[in-house]
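> One structure coming up, written as structure tokens, with questions to follow.
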Amino acid sequence: MGSGRGSKRARWRWSGGPGGAETPRSDGIWASESLYSLPLTPSQSKKMHLAGILFSFLSIITFTSSSSTPNTKTNTITLPLSPLFSHHRSSHPFHTLKLAVSTSITRAHHLKSRNKPSSPSLKTAVQPKSYGGYSIDLKFGTPPQSFPFVLDTGSTLVWLPCSSHYLCTNCNSFPNTPKFIPKNSSSSKFVSCTNPKCEWIFGPNVQTHCCNKNNSALNNCSQTCPAYTVQYGLGSTAGFLLSESLNFPGKIVNDFLLGCSILSVYQPAGIAGFGRGPESVPAQMNLTGFSYCLLSHRFDDSPQNSDLVLHTSQSNFSKTNGVSYTPFLKNPSSKNPAFGTYYYITLRRIIVGEKRVRVPKRLLEPDVNGDGGSIVDSGSTFTFMERPIFDSVAQELGRQVNYTRAREMEKKSGLSPCFVVPPGGTTSFPELRLEFRGGAKMRLPVTNYFSLVGKSDVACLTIVSDDVAGPGVAGGPAVIFGNYQQQDFYVEYDLENERFGFRSQSCKAR
């Protein structure tokens, strides 16, 4: 097999697959999706019929004006952060894993395809709901109602299952989905067509579409903001925008833009968008930054959780010990504003063992069209690399790993390359190191890029790609760092200083 080149090798003893592969689950929603504003052109009137259906659901809901509640100043807000899982295991040992692989790839395609001008109504970023997601609890309404939300740094809209008439098909893994009841909240109200927040989702021309075109006085328009629809690889959700109160201990955020979803497919839980758009949690709360530490996926069957910390005033990130930083990069493409919602960082080098992997320069930073570069996405499970990068990494691993390839397992799991490892013993793999602009170096633990698969003694690389080869065939970000590779790292999104920080540590509650 491999020549064993590279003296930097990571050794560890398997104690169960970090991805829960030895006891597969059917966790979360198998979809990768992108949010589309409801089309407002005559040629798309069929989808407008959905609005009528949604209005019929909401006709029984009454709203009152939001009340104003003074906020108590606090520097940080800390929320429990836990892996998202269902209560039903998959009957097939590789079902969960293969779905995680396909979901990561499909989600990457949606993230990358945001640059295509053929979808002018595309407004907000991709929403995740898949195996390996992490959830937080947020409280909306007066009195507060608590709900789980998937933490997603690759999206911007915040929405939840809404009303007692909420319908979700293919959601049997979550039989008791909590639902927000607007009529039970004294602070719920519809967002009007003239509300500037409606433009966050539908753009600056929304008033000319949803208000009477013969009415020259738009300030007299009484129409509500149009219904939104979210399309998924395996499902969808649709609903209306509300203005609500977001409640934390000692702090209330009034007039928070919230999606009230009425209809869903494969989508029982809500999404908390933490991207860079105006409708995201950080923007609406005017956060200076946030940080989290993701538990290893081996804990996805337990009630353990870690912390998501929201910084609501000047941060002290500059004093964080042991954290390496790399600056955020703004995508230069003016043609593709959706890319502006992603957290870009500049990957300089990939090192396997002591061997620098050759990566086409054009893929390291986004060009004028927005193609290339790397983003951080907590909503993706496995890291995605465009084929030229992935092939270079996989081939170098193949040269350095001294174990036999398990090609049959590659077909079953959807992961590649896979290797037969010593049963129950210590294994040795080349170190995988990522180097970023500014000198930050991320040395991944072996369990962040290899996982045991099934009940056999086979370890597979948990980085994915697709079958597309050749320059410029996909576009968009070339590397998408998923949450699997962020396990057991303290991670900072320092919005005040426009930088991304990380430090290796155990995220298990002490």
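Positions of Cβ are set from backbone N, Cα and C atoms, glycine also.
TrEMBL lists these features:
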type	residues	note
REGION	1-26	region 'Disordered'
COMPBIAS	1-12	compositional bias 'Basic residues'
DOMAIN	134-503	domain 'Peptidase A1'
ACT_SITE	ASP152	active site
ACT_SITE	ASP377	active site
> Could you tell me the C-alpha distance between ASP377 (active site) and ASP152 (active site) in angstrom, no decimals?
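Cα to Cα, ASP377 (active site) and ASP152 (active site) are separated by 7 Å.
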> In which DSSP state, out of helix, strand and coil, do we find ASP377 (active site)?
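Its secondary structure by DSSP: coil.
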> Give me the mean pLDDT over the domain 'Peptidase A1' (134-503), rounded to a whole number.
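A mean pLDDT of 87 is what the predicted model shows over the domain 'Peptidase A1' (134-503).
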